[in-house]
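Taken from TrEMBL as is:
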type: TRANSMEM; residues: 54-77; note: transmembrane segment
type: TRANSMEM; residues: 83-102; note: transmembrane segment
type: TRANSMEM; residues: 131-155; note: transmembrane segment
type: TRANSMEM; residues: 161-179; note: transmembrane segment
type: TRANSMEM; residues: 188-207; note: transmembrane segment
type: TRANSMEM; residues: 219-242; note: transmembrane segment
Amino acid sequence: MVTSLWLLSIYKSERQNMVQTSRHRRSTRGSKMVSWSVMAKIQEILQKKMVREFLAEFMSTYVMMVFGLGSVAHMVLNKKYGSYLGVNLGFGFGVTMGVHVAGHISGAHMNAAVTFANCALGRVPWRKFPVYVLGQFLGSFLAAATIYTLFYTAILHFSGGQLMVTGPVATAGIFATYLPDHMTLWRGFLNEAWLTGMLQLCLFAITDQENNAALPGTQALVIGILVVIIGVSLGMNTGYAINPSRDLPPRVFTFIAGWGKEVFRWHHLPGLHWLHHPTGTPEIGGLCGVRRPRDNRIAQDGISRTHDLSPHPRLREPCQQIFSPPCPALT
């Protein structure tokens, strides 16, 4: 009797274990089925051409900007490790790597002006324009965040803990371009428009199979060399942004990261090179953005003492007539 009861308890215990094991297997099988269904949906989405082109522009722009901004950080934060030539090489070969990443998927534009030109000429459908530009902007923004994270302590050490836009310890220039004092609004605009036109002309020449195109497999390197040539020969005046996707997203990042609204101050508007490309975009600062050398004087301690933002006297009256309320440069 005792033996039979003992065997019965063992049987019940084993049965319960078998039931629990079966339930566990079912739940595991169900979770696997759910995970596989999710993976299948992701793969289905990634197979769509538009999504792949978006990711290609995102990744190629990210690669280009990480190498480019990193080289600028070396030049600004430590002259021993960086130089202007290093910046040109960083951006040039960053472009080369970006073309290798996405050249056969989206064309690796990495530049909203290039995308605009290709759409305007019918080489790319207009419906892809916002997709390409969004991918470029997100990649550029993430690259700026990456460089900020990697060089955070170096930035604070160099600037004494202050995130400055102007002055001897300015670090905003690591991420975006700003005009020097000797450049005016329209000179900066014409300089950037012309350089961007030169870039696009040479890009078409390099890739035109009906002309003397670059040899197959060498296009990425030749395009990178083109960027280096533009930088070493024509980059002094404006920093040759020649790319809305290169300048605007990092500038927005600096605004968020702590440099503040001064990165968008009216007297810095000429440095917004995302407006300076030959797409017909009107320059909203045309009448009020003339900067004079005495604007934004910085004292020796790095603290801004004066911000004379008024336009040139001969432009004050037309500016007041156009803007209602008055032009922000007058306030």
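The backbone N, Cα and C atoms fix where each Cβ goes, glycine too.
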Intrachain residues whose Cβ lies under 8 Å of the transmembrane segment (219-242), provided they are six or more past its termini: 84-85, 87-89, 91-97, 99-100, 103, 111, 113, 176-180, 183, 187-188, 191-192, 195-196, 198-199, 202-203, 206-207, 213, 271, 273-274, 276-277
Ranked first among 54-77, 83-102, 161-179 for CB pairs under 8 angstroms with the transmembrane segment (131-155): 54-77
